[in-house]
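Just below is one structure, and these are the notes that go with it.
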Amino acid sequence: MHIETESATRPRLDPALLSLGLGPAVALGMGRFGYGMLLPSMQADLGWSYVQSGLINTANAIGYLGGALLTSAVLRRMSPASAFGAGLAVVVFSLLLTVLVRDFTVLLALRLLAGLAGGVVFVSGGVLVSGAEAARHRRGFYLGAYYAGAGSGLLLAGLALPQIMALDFPQSWPWGWAAMGALSAPLAIFAAIQARRIDPHPQGDTGGRRFDLRSNAGILAGYMLYGTGSIGYMTFVTAWLSNGADEGWRVSVFWTTFALAALLAPWLWQGLLDRWRAGWAFLALVGLNGMGSLLPLLPFGLVAVLSSALVCGATFFAIVAVTTMHVRRAAGAADRARAIGLFAVIFGLGQAIGPVLTGAVADVTGQLGAGLLLSGVLIVGGALLGARARTQEAKQT
């Protein structure tokens, strides 16, 4: 039985590889999760129900699913770096165009487009990092840093958007989309340039082992439940926090704390990512995330809110790194793009269901807390299913 370990040497960090994290910052931190911070303003101005609010994020998740499905085909026609850069350009375009739109159907289409491009960005960037020669000695750290890069987008959005929402504008939410587009553009350009400096095909990594669907069914099902619950939490936690006169600073503190915890996650979980079997790592991190997502429901005020932000922020993107490390151990280099894309598709399926499911429960019960409770329960259930990867991975490596 073999466990991938790191060399005792610790070469200097590669700035180009670290810069790839700006891709998820744009595609996810702003392109997907920034919407949750604008939701209360959009809901009030446009008269949406919770189901309609959830559908907007579901459209984004469906687009992400389509992008993840298409990425393997895209990478047969262009390099991962080219796909990464093109996807970022489309995400930025969709953010800026949203400023001009009020029609629900057109907004759905734009969120679908942002998700489609974001899926291509996320998977192609993951392929770059998982295969880069420069990441060989610290692959767990670089994967964690790549996925946690979304935290930098969340940090920028968490600092800027609540302040914009607090201004006395007749319609503040278009200014929020404009801010995200303006912040995303230079980050996307820089990340796309750095991606072209990375060789995604390290010498000696030519294994042909296929990723077996049957023996990985447990972790795939668990990842889908995690996607369903986590996006419900991410979509509606801002609306939950906004039930009060002090809503602006609470929302800002929550998302800033979440983002800072995400940025620290690569250092926090490096040993776990490099040495733990995927099942144990998945159980630990997803289980923690599920418990953290339930904390805002407890009657402990700001303590519960900040604790939730810390726990969920520190684990949210690290869980994606766990699945990618599992792919490296369970599939040869020739099949990794397909396997990484498969995990992204499964996650996208869950995220397409989550916002509408959470919103429907909130509408039916009249209690947003009931929807958030369901989200947390789904995440914990996913953790238990994913633990099966412990024995399955041992058979494959």
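Heads up, the Cβ atoms here are built off N, Cα and C, so glycines get one too.
Unlike curated records, TrEMBL annotations are generated automatically.
Taken verbatim from TrEMBL:
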| type | residues | note |
| --- | --- | --- |
| DOMAIN | 1-394 | domain 'Major facilitator superfamily (MFS) profile' |
| TRANSMEM | 16-35 | transmembrane segment |
| TRANSMEM | 55-75 | transmembrane segment |
| TRANSMEM | 82-101 | transmembrane segment |
| TRANSMEM | 107-129 | transmembrane segment |
| TRANSMEM | 141-161 | transmembrane segment |
| TRANSMEM | 173-193 | transmembrane segment |
| TRANSMEM | 219-241 | transmembrane segment |
| TRANSMEM | 253-273 | transmembrane segment |
| TRANSMEM | 280-298 | transmembrane segment |
| TRANSMEM | 304-327 | transmembrane segment |
| TRANSMEM | 339-362 | transmembrane segment |
| TRANSMEM | 368-387 | transmembrane segment |
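For the transmembrane segment (141-161), same-chain residues at least 6 beyond its ends with a Cβ under 8 Å from one of its own Cβ atoms are 14, 17-18, 20-31, 33-34, 37-38, 125-126, 129-130, 132, 135, 176, 179-180, 183-184, 187, 251-252, 254-256, 258-263, 265-267, 269-270, 273-274, 313, 317-318, 320-321, 324-325.
Contact check: the transmembrane segment (107-129) against the transmembrane segment (368-387) gives fewer than three Cβ pairs closer than 8 Å, residues 6 or more apart, which falls short of the contact criterion. Under 8 Å from some Cβ of the transmembrane segment (16-35) lie the Cβ atoms of residues 56-57, 60-61, 64, 84, 87-88, 91-92, 94-95, 111, 114-115, 117-118, 121-122, 125, 128-129, 132, 134-135, 142, 145-157, 161, 176, 180, 183-184, 187-188, 190-191, 194-195, 197-198, 234-235, 259, 317, all in the same chain and six or more residues away from its ends.
When Cβ-Cβ distances below 8 Å are used as the criterion, the transmembrane segment (280-298) is approached by residues 219, 222-223, 226, 229-230, 233, 237, 240-241, 269, 272-273, 304-305, 307-308, 310-312, 314-316, 318-319, 322-323, 325-326, 369, 372-373, 375-380, 382-384, 386-387, 389-390 of the same chain, each at least six residues removed from its ends.
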